There are 2 protein chains.
Amino acid sequence: MKESNPDNGGNNTKKAVILVSGGLDSATCLAIARAEGYDCYALSFNYGQRASSELDAAMRLASAFSVRQHQVIPLGIGQLGGSALTDASVAMPESGVVPDQIPVTYVPARNTVFLSYALAWAEVLEADSIFIGVNALDYSGYPDCRPEFILAFEQMANLATRIGVEGRPIRIKTPLIDLGKAQIIAMGHELGVNYGLTVSCYQADSKGRACGRCDSCRLRRKGFDDAGIADPTSYVSR
Amino acid sequence: MKESNPDNGGNNTKKAVILVSGGLDSATCLAIARAEGYDCYALSFNYGQRASSELDAAMRLASAFSVRQHQVIPLGIGQLGGSALTDASVAMPESGVVPDQIPVTYVPARNTVFLSYALAWAEVLEADSIFIGVNALDYSGYPDCRPEFILAFEQMANLATRIGVEGRPIRIKTPLIDLGKAQIIAMGHELGVNYGLTVSCYQADSKGRACGRCDSCRLRRKGFDDAGIADPTSYVSR
């Protein structure tokens, strides 16, 4: 069997795997996990998302927060098709209107896949928590951001794994789940997050500059406005 | 939104995603799905498993069963460590004794990750079922092969996805879950599976020849013996 990890024995070190996309939600999540005293293990994915500058941002954040380890997992999810985020043939929405329906930027089963990898790593690390930055805005549109999904994933996770079966349950933590963008920004600001390191834009350029037009840019800008905090984002256009 | 698939409209075509490892369980599963009238979409993974000949077998099976499509997804699960199947520093068991504990060949959260990709593809295809060849032998040792895990995954899946939310639930089908190796072989034999195409060995050589010594080889050989069916496997030693 795998040797038990010495960090997880007699002392109080808690470990958490944090899903870090490079956006402002996951940056805030990382800050919260650190503030709660966790040893942080950052997990990012390269899944053919259009904005590779997101990944650069994830690396800057992992470094800024001095995480114990940062893994970037290549995913084949893009080859399955079906989303504007990975499929260049689907138009990117710029209307500024949050749709009633599930948006085209939805990647099929994305959070299920992301959390599954986080679970695999959490099991190897004997971590007790996984942090994911889903929030109130997300779950209006994406089924895999709703609280009932998160709870069902947690229940499944504790049946799926050695550590779950051995009675040390893994928790899926969603500290942002009831918060809007302005509240998230205010909380992160309080915790010292440098949002200049983050990228939200679906189509940022190679220098990491945001387009200023896509729905993600609009939501981000409005969040800073509503929070009354200066937006450090570099926009191509305003 | 994604265009609905014409195959899934007025006619009776049912689609299934079948997890195909190249072993005899998944080959039998594929035969069952086909016998049940599904359009079959085979899904395999390249996750740094020692036996790459498994993948060759998966491709032979996909071709023999004339599946609609076969996707091989590269997985970064090996980089997370923790298993004899992906980590060369962990010794491969050859005792022939099925352990009471979770075996070292367990890959953390493997079936969770596999099923998550299958779910993503099922959503894109608007498939109604996912087949996975977990069986009675597996679930003595692997937590993510037990019926309660499968049920929890299915519940989570239907909260995670657009098709689940829209009231067309996805079923995770495990036709082998109560069967032992001999029963599986007898069933597949009945359905015309050519087990000579399959590879079970954890350390098959580059020609696909099985070692004849590892636990997987022993179980396979015993399965054919117990079923009274000639074993078409090519072994390096017996």
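Just so you know, glycine gets a Cβ as well, placed from its N, Cα and C.
Those TrEMBL annotations? Automatic predictions, nothing curated.
According to TrEMBL, the protein carries these features:
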{"type": "BINDING", "residues": "B:V20, B:S21, B:G22, B:G23, B:L24, B:D25, B:S26, B:A27, B:T28, B:C29, B:L30", "note": "ATP binding site"}
{"type": "BINDING", "residues": "B:C201, B:C211, B:C214, B:C217", "note": "Zn(2+) binding site"}
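A map of TrEMBL features onto the structure.
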residue	record	DSSP (3 states)
B:V20	ATP binding site	coil
B:S26	ATP binding site	helix
B:C201	Zn(2+) binding site	coil
B:C211	Zn(2+) binding site	coil
B:C217	Zn(2+) binding site	helix
Report summary line: Note: among binding-site residues B:V20, B:C211, B:C214, least Cβ-dense neighbourhood at 10 Å is B:C211
Query - Any further residue of that chain within 8 Å (Cβ to the Cβ centroid of B:C201, B:C211, B:C214, B:C217) of the recorded Zn(2+) site - result: B:S200, B:Y202, B:Q203, B:A204, B:A210, B:G212, B:R213, B:D215, B:S216, B:R218, B:Y235
Query raised in the report: What residue among the binding-site residues B:L30, B:C217 has the most other CB atoms lying within 10 A of its CB?
Result: B:L30
Query - 8 Å Cβ shell about B:V20, B:S21, B:G22, B:G23, B:L24, B:D25, B:S26, B:A27, B:T28, B:C29, B:L30 centroid, ATP site members excluded - result: B:A58, B:L61, B:G133, B:T198
Report task. Please report the number of other Cβ atoms within 10 Å of the Cβ of B:L24 (ATP binding site). Result -> 28
Query - Integer Å distance between the CA atoms belonging to B:S26 (ATP binding site) and B:C214 (Zn(2+) binding site) - result: 19
Report summary line: Across every protein chain in view, the count of C-beta atoms other than its own within 10 A of the C-beta of B:T28 (ATP binding site) is 28
Query raised in the report: Cα distance, B:L24 (ATP binding site) to B:C211 (Zn(2+) binding site), nearest Å?
Result: 16
Query - Cα distance (Å, whole number) from B:C201 (Zn(2+) binding site) to B:V20 (ATP binding site) - result: 15
Query raised in the report: Which residues, sitting 6 or more apart from B:S26 (ATP binding site) on the same chain, put a CB under 8 Å from its CB?
Result: B:I18, B:L19, B:V20, B:A58, B:L61, B:G133
Report summary line: Between the C-alpha atoms of B:G22 (ATP binding site) and B:C201 (Zn(2+) binding site), the distance in angstrom, to the nearest integer, is 10
